[in-house]
Amino acid sequence: MNKQSIRDIDVKGKRVFCRVDFNVPLKDGVIQDETRIQAALPTIKHLLDGGAKLVLASHLGRPKGEKKPEFSLAPVAKRLAELLGKDVPLVEEAYGPVAEEAVANLSEGDVVVLENVRFYPGETKNDPELAKGFAALADVYVNDAFGAAHRAHASTEGIAHHVDTAVAGLLMEKELEVLGKALSNPDRPFTAIIGGSKVADKIGVIDHLLDIVDTLIIGGGLSYTFSKALGHEVGTSLLEEDKLDLARQFMKKAEDKGVKFLMPVDCVITKEFGEETYVGPVDIDSIPADHMGLDIGPKTVELYADAIRESKLVVWNGPMGVFELDKYANGTKGVAQALADSDAYSIIGGGDSAAAAAKFGLADKMSHISTGGGASLEFMEGKKLPGVEALNDK
């Protein structure tokens with residue numbers, strides 16, 4: 001990683017504005033999954049142990065620039081206090097006189113949580129005035145919110161231009177090192193597994209990965225567009241007619257580059273979306289006109305598991321089927337199990353793939369689960385992330 005991190009600086013006695021990702025799911029004010037809070041703890045503890053006056057900032061949900069109590073970070077501040085064993089007050093504003101006074105009263109090793117940065121319309125617009133308001137609370141800026149690094153917002157990008165010292169937190173540093181090495185200097189054989197529902201969402205990542213990987217595996221709803229491009233009938237399965245030519249181009253590129261391009265050989269079909277009309281697996285060229293595929297079949301799972309076993313590095317982004325419904329979860333579960341059992345270094349690209357690994361109790365068997373869905377996807381497309389670019393170079 002060519003950016004400075006908190007390991008490179010002294011924070012003793014300094015006001016440190018740390019942008020974390022506390023965007024946790026809440027139900028009736030109760031945190032449903034605290035993975036993101038846990039992921040931020042090493043950075044928080046490092047800064048507190050170093051004697052920082054710590055100011056934590058995050059978004060939660062999409063309040064759209066209005067102060068809505070259901071999007072308050074109060075439950076997060078409360079949980080953080082329990083995890084750290086110390087007071088963690090919530091400041092009712094994220095900038096301005098109230099916030100400035102709260103920060104001025106901090107001693108070394110103290111921490112506060114600012115209220116949701118998306119309560120202000122200027123956050124998502126990267127308003128320079130709001131960015132300056134945040135910067136007024138800081139001697140040092142730390143970005144540890146990899147999950148929001150692909151967005152140029154006031155608290156993720158704008159603030160960095162108004163603070164002399166802008167560095168990465170430990171989580172951000174790890175994400176950039178793991179994903180960066182995978183893309184620039186991968187262990188081989190290198191396999192990428194791309195699933196999810198739409199080709200449109202994965203165009204950039206498929207295109208970029210075809211320049212790097214040894215094997216590309218396709219699954220999920222987007223695989224039916226590739227099947228159709230090969231001349232198979234896909235019934236009522238998800239199909240993007242306007243992406244058929246692109247699918248053919250990708251397969252041609254794989255051939256030209258000598259990349260093994262694996263696609264489903266069978267799939268699990270149903271007459272209607274749901275478990276009531278479940279039929280079972282059929283070969284990929286035998287989908288009836290009035291049926292749809294909702295998961296990869298057992299032969300495909302075996303094919304993909306073989307490829308995973310032969311790999312030294314595997315990046316997985318996107319499920320193989322509608323894993324939320326048990327009858328269409330076996331494909332995703334099979335791939336997750338193959339990854340868990342393999343010796344390969346496995347990188348799970350956030351979002352649905354991470355949720356699937358957790359659902360099947362296999363998360364702790366994966367080498368690295370990215371905390372950023374959209375951010376890891378854009379990084380794997382070879383794009384620059386605004387929240388990273390704004391940090392100080394080493």
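If you go along the chain as it appears here, the first residue is 1 and each next one adds 1.
Cβ from N, Cα, C; glycine included.
GLY61 (substrate binding site) falls outside any helix or strand according to DSSP and counts as coil. As annotated by Swiss-Prot, substrate binding site applies to ASP21, PHE22, ASN23, ARG36, HIS59, LEU60, GLY61, ARG62, ARG118, ARG151.
DSSP gives ASP352 (ATP binding site) a helix state. The ATP binding site annotation in Swiss-Prot covers LYS202, GLY293, GLU324, GLY350, GLY351, ASP352, SER353 and is backed by sequence analysis.
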Mapped DSSP class for ASN23 (substrate binding site), helix or strand or coil:
coil
Which of HIS59, ARG118, LYS202, the listed binding-site residues, has fewest other Cβ atoms within 10 Å:
LYS202
Just to be sure I understand the packing, how many Cβ atoms besides its own are within 10 Å of the Cβ of GLU324 (ATP binding site)?
13
If you measure ARG118 (substrate binding site) to GLY351 (ATP binding site) at Cα, how many Å is it?
21
For ASP352 (ATP binding site): intrachain residues, at least 6 apart, with Cβ closer than 8 Å:
GLY196, GLY318, PRO319, PHE323, GLY373
Calculate the distance in Å between the alpha carbons (Cα) of LYS202 (ATP binding site) and ASN23 (substrate binding site), and round it to a whole number.
24
Among the binding-site residues GLY61, GLY293, GLY351, which residue has the fewest other Cβ atoms within 10 Å of its own Cβ?
GLY61
